[in-house]
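Enquirer: Reproduced below are the annotations present in TrEMBL:
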type	residues	note
COMPBIAS	13-28	compositional bias 'Low complexity'
DOMAIN	52-443	domain 'Amino acid transporter transmembrane'
REGION	1-37	region 'Disordered'
TRANSMEM	82-103	transmembrane segment
TRANSMEM	129-152	transmembrane segment
TRANSMEM	172-192	transmembrane segment
TRANSMEM	199-218	transmembrane segment
TRANSMEM	238-262	transmembrane segment
TRANSMEM	274-300	transmembrane segment
TRANSMEM	320-344	transmembrane segment
TRANSMEM	365-385	transmembrane segment
TRANSMEM	391-410	transmembrane segment
TRANSMEM	422-442	transmembrane segment
Amino acid sequence: MGFVTDRDAPGVSDTSTPTSSSDFVDSSDQSDDAGKTSTANDVYLEHAVPRNGSWVGAVFNVMCISIGTGTMNLPSVVRRCGWFGIILFVLMAVVGWYVGVLFKRSMYSRPGRRISSFSLVVREAFGPAGYWFATAITYLYCCGTVVSWIIISGTQITRLLGFAHAHLNEKASMAIIAIAMWVPFTLLKTLGEITISSVFGVLTAMFTVVVLGVTSLQHKYTDTYHSPDFDSGPTHTFIIGSGIPSALASISFMYAGAVVFPHIEANMKRPKQFGWMLSLSNTLVCGAYILSSVTGYAAFGNQTVSPILNNLPNLAIVNAATILIIVHVVFAAPVMLVSANLELELALGIMPQIIGKRKEFMWRVVMRTITMGILLGVSIAIPYFGQVIDLVSAISTTVVFFLVPVFCYVKLFGWRKIQKYELALCFILAGVGAVACVWGLIDAIKSLRTAIQNGHG
(Lines of atoms letter the chains of each structure in order from A and count residues from 1; the text may use other names and numbers.)
(Lines give C-alpha, C1' and ligand atoms only; values in the text may rest on other atoms or scores of the structure.)
Protein backbone atom coordinates (compact mmCIF):
# COMPACT_ATOMS: atom_id res chain seq x y z
CA MET A 1 0.00 0.00 0.00
CA GLY A 2 1.37 3.44 -0.82
CA PHE A 3 0.16 6.97 -0.28
CA VAL A 4 0.74 10.12 -2.24
CA THR A 5 2.65 12.94 -0.63
CA ASP A 6 1.19 16.14 0.75
CA ARG A 7 1.99 17.83 -2.57
CA ASP A 8 -0.53 15.60 -4.28
CA ALA A 9 -3.36 15.92 -1.79
CA PRO A 10 -6.34 17.99 -2.84
CA GLY A 11 -5.87 21.56 -1.73
CA VAL A 12 -2.60 20.77 0.03
CA SER A 13 0.65 22.37 -1.05
CA ASP A 14 4.16 22.49 0.25
CA THR A 15 4.52 26.11 -0.72
CA SER A 16 3.54 27.17 2.77
CA THR A 17 6.11 24.97 4.41
CA PRO A 18 9.45 26.46 5.46
CA THR A 19 12.78 25.03 4.43
CA SER A 20 14.20 25.85 7.81
CA SER A 21 12.98 26.96 11.21
CA SER A 22 14.16 30.51 10.57
CA ASP A 23 11.66 31.01 7.74
CA PHE A 24 8.76 31.18 10.16
CA VAL A 25 8.22 32.62 13.60
CA ASP A 26 6.83 30.19 16.15
CA SER A 27 3.76 31.84 17.62
CA SER A 28 0.04 31.78 18.08
CA ASP A 29 -0.60 35.49 17.95
CA GLN A 30 -4.00 36.60 19.07
CA SER A 31 -4.95 40.19 19.65
CA ASP A 32 -6.84 39.43 22.83
CA ASP A 33 -4.06 37.39 24.40
CA ALA A 34 -0.78 39.14 23.68
CA GLY A 35 0.87 38.01 26.88
CA LYS A 36 0.29 34.35 26.15
CA THR A 37 1.44 34.90 22.58
CA SER A 38 4.96 35.75 23.71
CA THR A 39 4.91 32.86 26.13
CA ALA A 40 3.87 30.36 23.47
CA ASN A 41 6.47 31.66 21.06
CA ASP A 42 9.28 31.47 23.60
CA VAL A 43 8.52 27.99 24.85
CA TYR A 44 8.29 26.41 21.44
CA LEU A 45 11.42 28.11 20.21
CA GLU A 46 13.03 26.52 23.27
CA HIS A 47 11.55 23.10 22.52
CA ALA A 48 11.61 22.94 18.72
CA VAL A 49 14.69 24.82 17.54
CA PRO A 50 17.20 23.98 16.17
CA ARG A 51 15.69 21.53 13.71
CA ASN A 52 18.21 18.71 13.68
CA GLY A 53 16.08 15.56 13.35
CA SER A 54 15.92 13.36 10.25
CA TRP A 55 12.86 11.94 8.55
CA VAL A 56 14.02 8.50 9.70
CA GLY A 57 13.84 9.60 13.34
CA ALA A 58 10.40 11.06 12.70
CA VAL A 59 9.21 7.75 11.24
CA PHE A 60 10.39 5.92 14.33
CA ASN A 61 8.67 8.46 16.62
CA VAL A 62 5.34 8.01 14.78
CA MET A 63 5.64 4.23 14.71
CA CYS A 64 6.68 4.07 18.36
CA ILE A 65 3.45 5.64 19.57
CA SER A 66 1.34 3.59 17.11
CA ILE A 67 2.72 0.05 17.17
CA GLY A 68 2.75 -1.59 20.56
CA THR A 69 0.26 -2.87 23.06
CA GLY A 70 -2.62 -1.76 20.84
CA THR A 71 -1.75 -4.50 18.35
CA MET A 72 -2.71 -7.04 21.02
CA ASN A 73 -6.22 -5.55 21.07
CA LEU A 74 -6.68 -5.46 17.30
CA PRO A 75 -7.59 -9.15 16.75
CA SER A 76 -10.52 -8.64 19.11
CA VAL A 77 -11.50 -5.52 17.14
CA VAL A 78 -11.76 -7.70 14.02
CA ARG A 79 -13.80 -10.21 16.05
CA ARG A 80 -16.18 -7.34 16.79
CA CYS A 81 -16.76 -6.27 13.17
CA GLY A 82 -15.63 -9.33 11.15
CA TRP A 83 -13.07 -9.54 8.34
CA PHE A 84 -14.34 -6.14 7.18
CA GLY A 85 -12.14 -4.73 9.93
CA ILE A 86 -9.07 -5.35 7.74
CA ILE A 87 -10.52 -2.97 5.15
CA LEU A 88 -11.09 -0.44 7.94
CA PHE A 89 -7.40 -0.63 8.91
CA VAL A 90 -6.38 0.40 5.40
CA LEU A 91 -9.03 3.13 5.13
CA MET A 92 -8.08 4.57 8.50
CA ALA A 93 -4.39 4.58 7.53
CA VAL A 94 -5.27 6.76 4.53
CA VAL A 95 -7.56 8.96 6.63
CA GLY A 96 -4.85 9.25 9.29
CA TRP A 97 -2.37 10.44 6.68
CA TYR A 98 -4.89 12.88 5.20
CA VAL A 99 -5.90 14.52 8.48
CA GLY A 100 -2.22 14.73 9.41
CA VAL A 101 -1.51 16.69 6.23
CA LEU A 102 -4.53 18.92 6.86
CA PHE A 103 -3.31 19.62 10.37
CA LYS A 104 0.14 20.48 9.07
CA ARG A 105 -1.46 22.99 6.69
CA SER A 106 -3.33 24.47 9.64
CA MET A 107 -0.01 24.93 11.45
CA TYR A 108 1.18 27.15 8.57
CA SER A 109 -2.15 28.83 7.90
CA ARG A 110 -0.97 32.25 9.09
CA PRO A 111 1.54 33.98 6.77
CA GLY A 112 5.05 34.26 8.16
CA ARG A 113 4.63 32.14 11.27
CA ARG A 114 4.23 28.58 12.41
CA ILE A 115 1.58 27.65 14.97
CA SER A 116 3.55 25.39 17.21
CA SER A 117 1.30 22.86 18.90
CA PHE A 118 -1.99 21.00 18.71
CA SER A 119 -3.64 23.20 21.34
CA LEU A 120 -2.36 26.44 19.81
CA VAL A 121 -3.75 25.50 16.39
CA VAL A 122 -7.14 24.95 18.02
CA ARG A 123 -6.83 28.29 19.84
CA GLU A 124 -6.04 30.03 16.57
CA ALA A 125 -9.25 28.57 15.14
CA PHE A 126 -11.63 28.70 18.10
CA GLY A 127 -10.14 31.05 20.69
CA PRO A 128 -9.32 30.46 24.38
CA ALA A 129 -12.20 28.00 24.90
CA GLY A 130 -10.88 25.86 22.06
CA TYR A 131 -7.38 26.07 23.51
CA TRP A 132 -8.39 24.70 26.90
CA PHE A 133 -10.58 22.04 25.29
CA ALA A 134 -7.67 20.91 23.11
CA THR A 135 -5.29 20.90 26.08
CA ALA A 136 -7.72 18.72 28.04
CA ILE A 137 -8.38 16.31 25.16
CA THR A 138 -4.64 16.02 24.46
CA TYR A 139 -3.96 15.21 28.08
CA LEU A 140 -6.80 12.68 28.17
CA TYR A 141 -5.67 10.96 24.97
CA CYS A 142 -2.00 10.73 25.90
CA CYS A 143 -2.57 9.79 29.52
CA GLY A 144 -5.34 7.32 28.68
CA THR A 145 -3.01 5.61 26.24
CA VAL A 146 -0.31 5.29 28.90
CA VAL A 147 -2.86 3.94 31.39
CA SER A 148 -3.61 1.10 28.97
CA TRP A 149 0.14 0.45 28.70
CA ILE A 150 0.57 0.31 32.46
CA ILE A 151 -2.36 -2.11 32.75
CA ILE A 152 -1.17 -4.53 30.08
CA SER A 153 2.43 -4.44 31.32
CA GLY A 154 1.52 -4.92 34.96
CA THR A 155 -0.90 -7.77 34.33
CA GLN A 156 1.56 -9.54 32.04
CA ILE A 157 4.42 -9.23 34.58
CA THR A 158 2.22 -10.94 37.16
CA ARG A 159 1.24 -13.58 34.59
CA LEU A 160 4.87 -14.29 33.66
CA LEU A 161 5.95 -14.57 37.28
CA GLY A 162 3.07 -16.98 37.88
CA PHE A 163 4.49 -19.30 35.23
CA ALA A 164 7.73 -19.29 37.25
CA HIS A 165 5.80 -20.04 40.46
CA ALA A 166 6.58 -16.58 41.85
CA HIS A 167 3.87 -14.28 43.12
CA LEU A 168 3.66 -10.52 42.65
CA ASN A 169 0.23 -8.92 42.62
CA GLU A 170 -0.83 -6.78 39.68
CA LYS A 171 -0.82 -3.55 41.70
CA ALA A 172 2.86 -3.96 42.58
CA SER A 173 3.67 -4.88 38.98
CA MET A 174 1.94 -1.75 37.70
CA ALA A 175 3.84 0.36 40.22
CA ILE A 176 7.16 -1.05 38.96
CA ILE A 177 6.22 -0.20 35.36
CA ALA A 178 5.09 3.31 36.32
CA ILE A 179 8.41 3.99 38.06
CA ALA A 180 10.33 2.71 35.02
CA MET A 181 8.30 5.09 32.80
CA TRP A 182 8.70 7.99 35.21
CA VAL A 183 12.50 8.21 34.95
CA PRO A 184 12.84 9.07 31.22
CA PHE A 185 9.55 10.97 31.23
CA THR A 186 10.81 13.30 33.94
CA LEU A 187 14.39 13.76 32.79
CA LEU A 188 13.82 14.15 29.02
CA LYS A 189 12.17 17.42 28.10
CA THR A 190 11.44 17.17 24.35
CA LEU A 191 10.81 14.64 21.61
CA GLY A 192 14.14 15.47 20.02
CA GLU A 193 15.85 13.88 23.01
CA ILE A 194 14.06 10.54 22.85
CA THR A 195 14.45 9.38 19.24
CA ILE A 196 16.87 6.63 20.29
CA SER A 197 14.29 5.22 22.68
CA SER A 198 11.74 5.35 19.85
CA VAL A 199 13.99 3.26 17.59
CA PHE A 200 14.37 0.60 20.27
CA GLY A 201 10.66 0.69 21.00
CA VAL A 202 9.73 0.13 17.34
CA LEU A 203 12.15 -2.77 16.91
CA THR A 204 10.84 -4.56 19.99
CA ALA A 205 7.23 -3.97 18.92
CA MET A 206 7.81 -5.33 15.41
CA PHE A 207 9.49 -8.43 16.78
CA THR A 208 6.53 -8.97 19.09
CA VAL A 209 4.01 -8.57 16.26
CA VAL A 210 5.79 -11.22 14.18
CA VAL A 211 6.12 -13.63 17.10
CA LEU A 212 2.47 -13.30 18.13
CA GLY A 213 1.30 -13.71 14.52
CA VAL A 214 3.30 -16.86 13.87
CA THR A 215 2.45 -18.36 17.26
CA SER A 216 -1.27 -17.69 16.78
CA LEU A 217 -1.29 -19.66 13.53
CA GLN A 218 0.73 -22.50 15.07
CA HIS A 219 -1.58 -22.82 18.08
CA LYS A 220 -5.06 -22.20 16.75
CA TYR A 221 -8.01 -24.20 18.02
CA THR A 222 -7.62 -27.99 18.05
CA ASP A 223 -9.34 -30.76 19.96
CA THR A 224 -6.35 -31.03 22.29
CA TYR A 225 -5.55 -27.36 22.66
CA HIS A 226 -8.25 -24.75 23.07
CA SER A 227 -9.61 -22.27 25.55
CA PRO A 228 -11.51 -23.97 28.39
CA ASP A 229 -14.38 -21.56 27.74
CA PHE A 230 -15.07 -23.15 24.33
CA ASP A 231 -15.78 -26.73 23.31
CA SER A 232 -15.99 -26.22 19.54
CA GLY A 233 -13.91 -24.57 16.84
CA PRO A 234 -14.01 -20.81 16.21
CA THR A 235 -16.30 -19.23 13.65
CA HIS A 236 -15.49 -16.32 11.32
CA THR A 237 -17.75 -13.61 9.89
CA PHE A 238 -17.06 -11.24 7.02
CA ILE A 239 -18.96 -8.25 8.41
CA ILE A 240 -20.79 -7.47 11.65
CA GLY A 241 -22.49 -4.13 11.10
CA SER A 242 -23.29 -3.38 14.73
CA GLY A 243 -19.61 -3.60 15.64
CA ILE A 244 -18.30 -1.18 13.02
CA PRO A 245 -18.75 2.13 14.91
CA SER A 246 -16.98 0.90 18.04
CA ALA A 247 -14.33 -0.75 15.85
CA LEU A 248 -13.71 2.59 14.13
CA ALA A 249 -13.19 4.19 17.53
CA SER A 250 -10.67 1.52 18.50
CA ILE A 251 -8.82 1.70 15.17
CA SER A 252 -8.63 5.50 15.32
CA PHE A 253 -6.82 5.00 18.64
CA MET A 254 -3.95 3.45 16.67
CA TYR A 255 -3.61 6.30 14.16
CA ALA A 256 -4.55 9.35 16.24
CA GLY A 257 -1.14 11.02 16.34
CA ALA A 258 -2.24 14.58 15.58
CA VAL A 259 -1.46 15.71 19.12
CA VAL A 260 2.22 14.81 18.69
CA PHE A 261 2.62 15.67 15.00
CA PRO A 262 3.55 19.33 15.68
CA HIS A 263 6.33 18.24 18.06
CA ILE A 264 7.61 15.62 15.60
CA GLU A 265 7.48 18.05 12.66
CA ALA A 266 9.18 20.75 14.75
CA ASN A 267 12.21 18.52 15.18
CA MET A 268 12.54 17.67 11.48
CA LYS A 269 15.48 19.27 9.68
CA ARG A 270 13.43 19.29 6.45
CA PRO A 271 9.76 19.81 7.36
CA LYS A 272 8.75 19.51 3.69
CA GLN A 273 9.31 15.79 4.15
CA PHE A 274 6.53 15.54 6.73
CA GLY A 275 3.82 14.44 4.27
CA TRP A 276 5.63 11.48 2.77
CA MET A 277 7.24 10.67 6.14
CA LEU A 278 3.73 10.25 7.56
CA SER A 279 2.71 8.28 4.46
CA LEU A 280 5.58 5.84 5.00
CA SER A 281 4.90 5.62 8.73
CA ASN A 282 1.22 4.80 8.26
CA THR A 283 2.04 2.23 5.58
CA LEU A 284 4.40 0.40 7.92
CA VAL A 285 2.01 0.73 10.86
CA CYS A 286 -0.91 -0.56 8.78
CA GLY A 287 1.15 -3.56 7.69
CA ALA A 288 1.90 -4.44 11.31
CA TYR A 289 -1.78 -4.04 12.23
CA ILE A 290 -2.94 -6.31 9.41
CA LEU A 291 -0.37 -8.97 10.30
CA SER A 292 -1.45 -8.94 13.93
CA SER A 293 -5.18 -8.90 13.19
CA VAL A 294 -5.32 -11.41 10.33
CA THR A 295 -3.30 -14.05 12.16
CA GLY A 296 -5.09 -13.57 15.47
CA TYR A 297 -8.62 -13.64 14.06
CA ALA A 298 -7.83 -16.45 11.62
CA ALA A 299 -6.59 -18.59 14.50
CA PHE A 300 -9.24 -17.84 17.12
CA GLY A 301 -12.22 -16.23 15.34
CA ASN A 302 -15.10 -15.45 17.66
CA GLN A 303 -13.02 -16.83 20.55
CA THR A 304 -10.43 -14.05 20.28
CA VAL A 305 -9.90 -12.14 23.52
CA SER A 306 -8.05 -8.97 24.41
CA PRO A 307 -5.12 -9.02 24.78
CA ILE A 308 -4.41 -11.79 22.27
CA LEU A 309 -1.73 -13.07 24.68
CA ASN A 310 -4.50 -14.65 26.72
CA ASN A 311 -5.36 -16.92 23.76
CA LEU A 312 -1.82 -18.28 23.57
CA PRO A 313 -0.12 -21.10 25.51
CA ASN A 314 2.78 -20.71 27.92
CA LEU A 315 5.67 -20.84 25.46
CA ALA A 316 9.18 -19.42 25.83
CA ILE A 317 8.94 -17.42 22.60
CA VAL A 318 5.59 -15.92 23.61
CA ASN A 319 6.95 -15.01 27.03
CA ALA A 320 9.99 -13.42 25.38
CA ALA A 321 7.71 -11.36 23.14
CA THR A 322 5.69 -10.34 26.19
CA ILE A 323 8.82 -9.14 27.95
CA LEU A 324 9.80 -7.13 24.87
CA ILE A 325 6.38 -5.48 24.65
CA ILE A 326 6.75 -4.48 28.30
CA VAL A 327 10.14 -2.97 27.50
CA HIS A 328 8.57 -1.26 24.48
CA VAL A 329 5.95 0.60 26.51
CA VAL A 330 8.60 1.86 28.92
CA PHE A 331 10.36 3.43 25.92
CA ALA A 332 7.17 4.56 24.18
CA ALA A 333 5.55 6.21 27.21
CA PRO A 334 7.89 9.24 27.21
CA VAL A 335 6.99 9.97 23.56
CA MET A 336 3.32 10.18 24.48
CA LEU A 337 3.62 11.80 27.91
CA VAL A 338 6.18 14.44 26.90
CA SER A 339 3.78 15.64 24.19
CA ALA A 340 0.90 15.93 26.67
CA ASN A 341 2.93 17.68 29.33
CA LEU A 342 4.52 20.16 26.94
CA GLU A 343 0.99 21.35 26.21
CA LEU A 344 0.10 21.57 29.90
CA GLU A 345 3.37 23.21 30.92
CA LEU A 346 2.87 25.79 28.18
CA ALA A 347 -0.65 26.51 29.44
CA LEU A 348 0.60 26.98 33.01
CA GLY A 349 3.65 29.06 32.07
CA ILE A 350 6.22 26.52 33.30
CA MET A 351 9.05 27.66 31.04
CA PRO A 352 12.67 28.64 31.66
CA GLN A 353 12.09 31.98 29.91
CA ILE A 354 9.54 32.91 32.57
CA ILE A 355 10.59 31.25 35.83
CA GLY A 356 14.23 30.32 35.14
CA LYS A 357 15.83 26.98 34.35
CA ARG A 358 16.15 25.77 37.94
CA LYS A 359 12.54 26.44 38.85
CA GLU A 360 11.37 25.11 35.50
CA PHE A 361 13.18 21.83 36.14
CA MET A 362 11.79 21.59 39.67
CA TRP A 363 8.20 22.22 38.59
CA ARG A 364 8.61 19.87 35.62
CA VAL A 365 9.69 17.09 37.98
CA VAL A 366 6.82 17.83 40.36
CA MET A 367 4.15 17.99 37.64
CA ARG A 368 5.33 14.93 35.80
CA THR A 369 5.62 12.96 39.03
CA ILE A 370 2.05 13.91 39.90
CA THR A 371 0.94 12.92 36.40
CA MET A 372 2.54 9.50 36.70
CA GLY A 373 1.05 9.00 40.15
CA ILE A 374 -2.44 9.76 38.84
CA LEU A 375 -1.99 7.38 35.90
CA LEU A 376 -0.85 4.63 38.23
CA GLY A 377 -3.86 5.20 40.47
CA VAL A 378 -6.28 5.00 37.54
CA SER A 379 -4.56 1.85 36.24
CA ILE A 380 -4.93 0.13 39.59
CA ALA A 381 -8.55 1.24 40.00
CA ILE A 382 -9.63 0.14 36.48
CA PRO A 383 -7.31 -2.74 35.45
CA TYR A 384 -9.19 -3.76 32.30
CA PHE A 385 -6.97 -3.37 29.24
CA GLY A 386 -9.35 -3.80 26.31
CA GLN A 387 -12.13 -1.83 27.94
CA VAL A 388 -9.82 1.07 28.82
CA ILE A 389 -8.55 1.29 25.23
CA ASP A 390 -12.14 1.32 23.92
CA LEU A 391 -13.16 4.02 26.40
CA VAL A 392 -10.17 6.27 25.65
CA SER A 393 -10.73 5.70 21.93
CA ALA A 394 -14.36 6.76 22.10
CA ILE A 395 -13.87 9.81 24.33
CA SER A 396 -10.69 11.32 22.95
CA THR A 397 -9.18 9.67 19.90
CA THR A 398 -12.25 10.00 17.69
CA VAL A 399 -12.15 13.72 18.50
CA VAL A 400 -8.40 13.99 17.88
CA PHE A 401 -8.49 11.81 14.77
CA PHE A 402 -11.68 12.82 12.96
CA LEU A 403 -13.02 16.08 14.34
CA VAL A 404 -10.34 18.53 15.47
CA PRO A 405 -8.05 18.44 12.37
CA VAL A 406 -11.02 18.79 10.00
CA PHE A 407 -12.77 21.60 11.86
CA CYS A 408 -9.53 23.54 12.40
CA TYR A 409 -8.65 23.27 8.73
CA VAL A 410 -12.07 24.50 7.58
CA LYS A 411 -12.16 27.31 10.17
CA LEU A 412 -8.63 28.60 9.53
CA PHE A 413 -8.83 28.57 5.72
CA GLY A 414 -12.54 29.34 5.38
CA TRP A 415 -15.03 27.00 3.76
CA ARG A 416 -15.42 29.30 0.74
CA LYS A 417 -11.73 28.88 -0.12
CA ILE A 418 -11.79 25.08 0.04
CA GLN A 419 -12.77 23.09 -3.02
CA LYS A 420 -16.27 21.63 -2.77
CA TYR A 421 -15.28 17.99 -3.07
CA GLU A 422 -12.66 18.42 -0.36
CA LEU A 423 -15.12 20.25 1.87
CA ALA A 424 -17.59 17.39 1.39
CA LEU A 425 -14.87 14.89 2.33
CA CYS A 426 -14.08 16.86 5.47
CA PHE A 427 -17.67 16.84 6.65
CA ILE A 428 -18.08 13.13 5.81
CA LEU A 429 -15.07 12.43 8.04
CA ALA A 430 -16.57 14.63 10.77
CA GLY A 431 -19.89 12.77 10.53
CA VAL A 432 -18.21 9.37 10.72
CA GLY A 433 -16.18 10.58 13.69
CA ALA A 434 -19.27 11.81 15.53
CA VAL A 435 -21.06 8.46 15.05
CA ALA A 436 -17.97 6.52 16.11
CA CYS A 437 -17.58 8.73 19.17
CA VAL A 438 -21.16 8.39 20.44
CA TRP A 439 -21.70 4.74 19.51
CA GLY A 440 -18.22 3.74 20.62
CA LEU A 441 -18.70 5.50 23.96
CA ILE A 442 -21.96 3.66 24.61
CA ASP A 443 -20.39 0.29 23.80
CA ALA A 444 -17.25 1.07 25.83
CA ILE A 445 -19.24 2.02 28.92
CA LYS A 446 -21.35 -1.14 28.67
CA SER A 447 -18.24 -3.28 28.23
CA LEU A 448 -16.40 -1.64 31.12
CA ARG A 449 -19.43 -1.98 33.40
CA THR A 450 -19.66 -5.68 32.56
CA ALA A 451 -15.93 -6.15 33.23
CA ILE A 452 -16.20 -4.44 36.62
CA GLN A 453 -19.25 -6.51 37.57
CA ASN A 454 -17.55 -9.76 36.54
CA GLY A 455 -14.21 -8.79 38.05
CA HIS A 456 -12.20 -9.42 34.85
CA GLY A 457 -11.72 -7.88 31.39
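Note that Cβ sites are derived from N, Cα and C of the backbone, with glycine treated the same way.
Because the structure is a prediction, the values reported are computed rather than measured.
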Enquirer: Please report, as numbers and ranges, the same-chain residues at least 6 past the borders of the transmembrane segment (320-344) whose CB is under 8 Å from any CB of it.
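Expert: Distant Cβ neighbours of the transmembrane segment (320-344) are 43, 47, 61, 64-65, 68-69, 72, 117-119, 134-135, 138-139, 141-143, 145-146, 149-150, 152-153, 156-157, 159-160, 177, 180-181, 184-185, 188-191, 194, 197-198, 200-201, 204-205, 207-208, 211-212, 215, 259-260, 263, 309, 364, 367-368, 371-372.
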Enquirer: Same chain, outside the transmembrane segment (365-385) by at least 6, Cβ under 8 Å from its Cβ: which residues?
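Expert: Here the qualifying positions are 69, 73, 143, 146-148, 150-152, 154-155, 170-171, 174-175, 178, 181-182, 185-186, 306-307, 337, 340-341, 344-345, 348, 350, 448, 451-452, 456-457.
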Enquirer: Check the transmembrane segment (238-262) against each of 82-103, 129-152, 199-218, 391-410, 422-442 and return whichever range has the most CB pairs under 8 Å.
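Expert: When the Cβ pairs under 8 Å are tallied, 82-103 comes out ahead.
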Enquirer: Is the transmembrane segment (199-218) in contact with the transmembrane segment (274-300), using three or more Cβ pairs under 8 angstroms as the rule and ignoring pairs under 6 apart in sequence?
Expert: yes
Enquirer: Which bits of the chain, at least 6 residues beyond where the transmembrane segment (391-410) starts or stops, bring a Cβ under 8 A of a Cβ in it?
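Expert: Distant contacts of the transmembrane segment (391-410): 95-96, 99-100, 102-103, 105-106, 118, 121-122, 124-126, 134, 137-138, 140-141, 144-145, 147-148, 246, 248-250, 252-253, 255-256, 258-259, 418, 423, 426-427, 429-430, 432-434, 436-437, 440-441, 443-445, 448.
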